[in-house]
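Data block below; observations after.
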There are 2 protein chains.
Amino acid sequence: MPMPNEDDLPSGLRAAAVQCGIRARKNCLDLGLLVTDEARPAAAIYTKSLLLGAHVSVCRDHLSRSGGLVRAVLVNSGNANCSTGTAGIEDNRRVCAALAELIGCPPEQVLFLSTGVIGERLPVDRVMDALPLLTSADAQHGGHAFAQSILTTDLVPKIVRRELPGGSQVVGIAKGSGMIHPNMATMFGFLLTDAPLGNEPLKLLRQVNDRSFQRLTVDGDTSPNDTVLLWSTAADQGAPRDPQLAVVLEDVAERLARKIAVDGEGATRLVTVRVMGAPDEEAAVVVGRTIATSPLTKTAVHGRDPNWGRILAAAARSGVAFDPAQARVTIGRAEVYAKGRPQPENEGEAHRHMLEDKEILLAIDLAAGPAEADVWTCDLSADYVRINADYRT
Amino acid sequence: MPMPNEDDLPSGLRAAAVQCGIRARKNCLDLGLLVTDEARPAAAIYTKSLLLGAHVSVCRDHLSRSGGLVRAVLVNSGNANCSTGTAGIEDNRRVCAALAELIGCPPEQVLFLSTGVIGERLPVDRVMDALPLLTSADAQHGGHAFAQSILTTDLVPKIVRRELPGGSQVVGIAKGSGMIHPNMATMFGFLLTDAPLGNEPLKLLRQVNDRSFQRLTVDGDTSPNDTVLLWSTAADQGAPRDPQLAVVLEDVAERLARKIAVDGEGATRLVTVRVMGAPDEEAAVVVGRTIATSPLTKTAVHGRDPNWGRILAAAARSGVAFDPAQARVTIGRAEVYAKGRPQPENEGEAHRHMLEDKEILLAIDLAAGPAEADVWTCDLSADYVRINADYRT
């Protein structure tokens, strides 16, 4: 194929993007491709929603039939191919087959992901017609073009790159702005590497995902199309897995999750909710999610209000047992609640942190155990309401 | 006592209110009283939060020590007496003792509830000083004055009155605007009747509460002070319970819950989420709550957007099993999604319902069983964000 190798992707991986015409706006890339010369191992995790985009069923089927080997990942934005019935699934399969023929591989080695408006048939002909251009030298190339082509309501492309001590690359590319927009749906995360994945890539991906994308919430909603993919281009997959790989993948995925929170609809602040002193890590995440999805916590951050009461009250209704009289709430470095009482003398410092810093730290120590976890979110603004109230009408 | 009997309350119950000075605004009632001549049976249900207002502990203790008999219910607004430690509990007890002495009953027959700002000591002296006026002919009298005195961010007092076929009265009085405002906290519901409660008033109250206040959500948050009280002034408590009482109580409580949703912060629409075809009633409530707390559903209602996708997607992530391809979504009378596909020809009618009617019906039939339930909420507006972002700063 005449696609160049890109220095912004792991070795052996090439990327391209074109505008195929699903999205009407001019100069708006809406079809992206990641491709290797040989089929390489991948693993995927999907939304837990019962409502599934067509690609979820087909991806599951393809990965199962290919033994987890993937040659190409195609992504369109602008149409989620969801609530489109069996016809939507057939549409997905047709595109996979066409791309497989073009690049010379079995159809099950092609994954085709969709994100965008739900309930409308995918304009398959436009996608099919664009495939020759997409795999030619005339497409736009590189990870950045691909990252751009998968966006919907996101304002900025999201790429994170890190190197393993041995020189291998990990590149993460993501999209997502609200956790769901049933019109412009979906969070995608692509974790790409040229390091071998070892024997259990799905287990590795689950572990990474649990500590990154699973700890992100913009509005608490879940898309029918959410997909996170781990894919390695390494030729020597029999080689032992670099023990650092999991750590670096987790770091890359966490950075992507934080970028998604920063780009949350209407967001003006990235919020890290840090729960300490929890009975176990799962409990810490439960408390963190409850705080991070509370509209009152999120509006307080938007108002730069060091409102310890809303943080404590959200934790106290999370279902995790702790004694509020022993808990401590910290905003930035300022302890605003301790030993059952507010600490009003520290609220000024907390308020300054919320005013001046773009990243806000809301921490609660439950004094109920040794575990801790971070959850990321953004503030809730009147702009969020406007974006989501005015979206279709 | 020189308080008149009021015709807007069940027989044997009198109500009064004064401004004691907790709230600074002029002509703002902030201390209310319900009182009987004899101690009468009552039952109460409190917040499930681990963070508890001082009154919750003392009310539990008093009802237990008095054998469930109550002479007076005192309520202040403007200060929640929460996160005030053991001193706050002592404050509550002092006020109960003073009122008990004034009206001539044991302290445990007095309940003293608080709602308002948390984390600040209650100005007990102002409350104590106001008790003689409150129990005199110079207070404002009647259910309406009481209903007014317990409000915080609510815009309107909430009273519902119904008569049993035999002539007994049920009067409900409530307050609440967001489910929580940790500065101006709390939902209160008072269910007052002159019909006998039968042997298990708490069981009766739980049943009523589960189908009314428990099915209400404004922002998904829970206050540390939430309290629902059932109280009967009937002298002949040994008489059998009118079989209609539960039905009428449930109706009154449901009407109060809907009034709270209408008065939700920033709300412009009352939303009834109706879940049908659920495996059981509990599952229907779970699905209903998930839809009713989804910011995307609530902003769609605010934008008058007949967005079936957000309703379906919220149901699909609720944890209740159903097949989205069999489900149906109706807005008003318009079926906007059926058999796995949107019904765009009906969206115009749905849009008109959302534009023209103040009460919006969002219904989903899961086609997964015989059970159904309603949940009430309101839309999410930019005003909600402004009210809650600007509250303290």
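Every residue, even glycine, has its Cβ placed from backbone N, Cα and C.
If you draw a 10 Å sphere around the CB of B:Thr186 (active site, nucleophile), it holds 31 other CB atoms from the protein chains shown. Look at TrEMBL and you will find B:Thr186 tagged as active site, nucleophile.
Packing around B:Thr152 (substrate binding site) is summarised by its Cβ count: 23 other Cβ atoms lie within 10 angstroms of its Cβ, all protein chains included. The feature substrate binding site is assigned by TrEMBL to B:Thr152, B:Lys175, B:Thr186, B:Glu265, B:Asn388, B:Thr393.
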Original post:
So for B:Asn388 (substrate binding site), how many other CB atoms are inside 10 Å of its CB?
Top reply: 28
Subject >> Cβ neighbour count within 10 Å of B:Lys175 (substrate binding site) >> reply: 28
Original post:
How many Å lie between the Cα of B:Asn388 (substrate binding site) and the Cα of B:Thr186 (active site, nucleophile)?
Top reply: 15
Subject >> Packing count at B:Glu265 (substrate binding site) (other Cβ atoms within 10 Å of its Cβ) >> reply: 26
**OP:** Check each of B:Thr152, B:Lys175, B:Thr186, B:Glu265 (the recorded positions) against chain A and write down, in sequence order, those whose C-beta lies under 8 A from a C-beta there; write 'none' if there are none.
**Re:** none
Original post:
To the nearest whole angstrom, what is the C-alpha distance linking B:Thr152 (substrate binding site) and B:Thr186 (active site, nucleophile)?
Top reply: 9
**OP:** Could you find out if DSSP has B:Asn388 (substrate binding site) as helix, strand or coil?
**Re:** helix
**OP:** State the Cα to Cα distance, in Å, between B:Thr186 (active site, nucleophile) and B:Lys175 (substrate binding site), rounded to an integer.
**Re:** 8
